């Protein structure tokens, strides 16, 4: 941000707030607050922790648009390298909307329905690796969709992006539903041994699955609304550019008066009469052609007709 301002640019405070409060804030709350204290004793804090890292934190980070900030702050060579990485084959494959949607779903299911989660509860280093794995998987989907940089294929326009975002909102609800209705305890041996006295481990798992479902849908709604808002903004910008271009094309050229030397009336009348006669002869043998905006349909022709009501 400092480099951007030194170059005479600016960065919206709303993006800074989203990155710091929602993105980094979600990471701090899930890994350093009360959830991190009880995640090894009760299941539902661990479930809230994981879904916050996987869905909520990536959304906040993406709303801050760190990719665009890096491109604007870095020198030309560094910015070009960032763009080459974003448009590379590997990144393009991993960030393809359908591919990364499957990756996010596979990450959640792998955490809970393989030995991954139970082992992470016992091994501290693996638990820390899971803290990195979850937000990284979420960022693969959210960052390319929301950034103003061209991180997706050209055909993946704003209207096209809305479809996988809507689908992702449905897919993200599946892990919570499965966890909530699953009959077998997840990491059951661990939680049965470490649960506080009097707690119901099965009920804790149902609470965790319900929390995962609720948070997933709460994240999906603002995510989809953000994509729709970007779509509307892009359409307004495109219409404004088209209006300016039409105004430039339709602006009447100012007549330039050329100095005419005085001449005898007879010398002027003869050429004028000849020109009128030639024009009449040409009009008798030629068919008049109407302007294109009077004969064609479409948005451009309609705008021209509205701007030329007297024709």
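Note: Cβ is positioned from N, Cα and C throughout, glycine not excepted.
Annotation comment: TrEMBL describes 16-38 (among others) as transmembrane segment.
What TrEMBL lists as transmembrane segment is 90-117 (among others).
TrEMBL lists 129-146 (among others) with the feature transmembrane segment.
Long-range contacts of the transmembrane segment (166-191) within its own chain (CB-CB distance under 8 A, at least 6 residues past either end) are made by residues 40-43, 47, 51, 55, 97, 101, 104-105, 108-109, 112-113, 117-118, 121-122, 141, 201-202, 204-206, 208-217, 219-221, 223-224. Marked as transmembrane segment by TrEMBL: 166-191 (among others).
What TrEMBL lists as transmembrane segment is 211-229 (among others).
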Listed stretch, out of 16-38, 129-146, 211-229, that has the most CB pairs under 8 angstroms to the transmembrane segment (90-117): 129-146
